[in-house]
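According to TrEMBL, the features are:
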ACT_SITE  Glu272  active site, charge relay system
ACT_SITE  Asp276  active site, charge relay system
ACT_SITE  Ser475  active site, charge relay system
BINDING   Asp517, Val518, Gly541, Asp543  Ca(2+) binding site
DOMAIN    199-563  domain 'Peptidase S53'
SIGNAL    1-17  signal peptide
Amino acid sequence: MRLQACFLGLFALFVTGKCSYSPEPDQQLALPPGWVSLGRVDSEEELSLTFALRQQNVERLSELVQAVSDPGSPRYGKYLTLEDVAELVRPSPLTFRTVQKWLLAAGAQNCHSVTTRDFLTCWLSVRQAELLLSGAEFHRYVGGPGEIHVIRSPRPYQLPKALAPHVDFVGGLHRFPPTSSLRQRPEPQVSGTVGLHLGVTPSVIRQRYNLTAQDVGSGTTNNSQACAQFLEQYFHDSDLAEFMRLFGGNFAHQASVARVVGQQGRGRAGIEASLDVEYLMSAGANISTWVYSSPGRHESQEPFLQWLLVLSNESALPHVHTVSYGDDEDSLSSAYIQRVNTEFMKAAARGLTLLFASGDSGAGCWSVSGRHQFRPSFPASSPYVTTVGGTSFQNPFRVTNEIVDYISGGGFSNVFPQPSYQEEAVAQFLSSSPHVPPSSYFNASGRAYPDVAALSDGYWVVSNSVPIPWVSGTSASTPVFGGLLSLINEHRILSGRPPLGFLNPRLYKQRGAGLFDVTHGCHESCLNEEVQGQGFCSGPGWDPVTGWGTPNFPALLKTLINP
């Protein structure tokens, strides 16, 4: 009865604020470092806000992801179409109608949805938005590496309680664009250069991971791969051409990106964007490549959320997506994290392989009630993505065995329980590793990551026509691993098999077959007396620093080509 009373008084709520609830009470509102407020936004300025509508049948979706991703299942590889997913998860007619009426009554303009009907994006004036979202107060901020402008609210928002069964969260109020943790390390010192390499290039990658000149795309399939940018960064075609001229001479490759989705600006190229494109296209050589470039970003939109909307609205997508984006788990609301995780489930059900960088802060560190704990990263901690850690050469100038790159992100989620596919591997690590940190530092029952790794140290990148050495981070390892999976997809498609899809259930069932096991080194963590800057350490089998290890391409192809 009370819910009905709240609903009947819906429009009065814009002013009174009664019968309201907060969808994201745990969202961190502190201004990230490097951002400055420029003051309130004019009340008549237009905003674009995205409303995440409550989905149906999420449990059923989870079951279907397991069925199509487990090689032991009769449904393995029988992926859903976008229309199948839409049929399953689209909100109830009541949800869609209720939210739509509420928005239109508030003066929202030009509202549009996606194929799955579970997002609604509308334009409103600042005045309308602040009446609609009780408590919100829109300010303009400037910051980030490119000094970009965004509009956000430093105060929490509330919605009418009648909308609680219908809206998960509202995008465009709180989360700031992520910053890149990519770094340029000082060049190691060495005397003499006979038989040595002077940094990681495509030929070094191909030598270490045992690719031959024949290990390239055929150019005859509809196979494709993609990377996504959320940093207001751009790549330049001329940089890609120069990179391939310098480093791509001994393998067939494509000289340009096949498709850019979103706004590809004309500003200076960013190192992150250049790195992603150059190494995805040289590892996954001669395979059609797409770039998602802050698609459709307005100052009030969240670029990562906009990318998820694009995935929910396109029926034909690349099979492999590599993403170097991450936030601290604790900085994001539960509603947001859980909903984004469902978006990853939708992608997995459709047979998409999503690879995320594990981060560049080792185990991370933060203080909770005066006690240090490790700090997991999201989306790296999602159980529905494949997370890529980082390694270095044992000898930085020779193509040798790999050891842990101390920055390689890894650990245990504080949000997601451990998925069944990895329980055995994690239990083995915790019971056998001689260097497990104190249990108070991590949630041993959480989703553990990364799943795999690749070289992340000392890359050459061409950006703004300049070759730049010693670029490092899991932003480098992720497109490399993604490119190699695209080559395996090429073989599968040519032999009439479906693409790999969500890799983790198969990866753990095969216990890392086809990967070089990385068994030496530890990553960084809290600089205190108890752990003294050391997080987890690698060892035989899976570990939360390098996962199952780095690719040995011929063996990995053999492992993943059938069924």
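From the backbone N, Cα and C atoms, a Cβ is placed for every residue, glycine too.
Keep in mind that this is a model prediction, so the values were computed, not measured.
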When each of the recorded positions Glu272, Asp276, Asp517, Asp543 is scored by other CB atoms within 10 A, the minimum falls on Asp517
Can you name the residues of this chain that are 6 or more positions from Val518 (Ca(2+) binding site) yet have a C-beta less than 8 Å from its C-beta?
-> Thr391, Glu402, Ile403, Val404, Ala453, Ser538, Asp543, Val545, Thr546, Gly549, Thr550
Among the recorded positions Ser475, Asp517, Gly541, report those whose Cα falls within 10 Å of that of Glu272 (active site, charge relay system); none is a fine answer.
-> Ser475
Here the Cα-Cα span from Ser475 (active site, charge relay system) to Asp517 (Ca(2+) binding site), rounded to a whole number of angstrom, reaches 21
Given Asp517 (Ca(2+) binding site) and Asp276 (active site, charge relay system), what distance in Å do their CA atoms have, once rounded to a whole number?
-> 25
Around the Cβ of Gly541 (Ca(2+) binding site), the count of other Cβ atoms that are within 10 Å | 17
Specify the count of other C-beta atoms within 10 Å of the C-beta of Ser475 (active site, charge relay system).
-> 30
Quick note, Gly541 (Ca(2+) binding site) and Asp276 (active site, charge relay system): C-alpha atoms separated, nearest Å, by 28
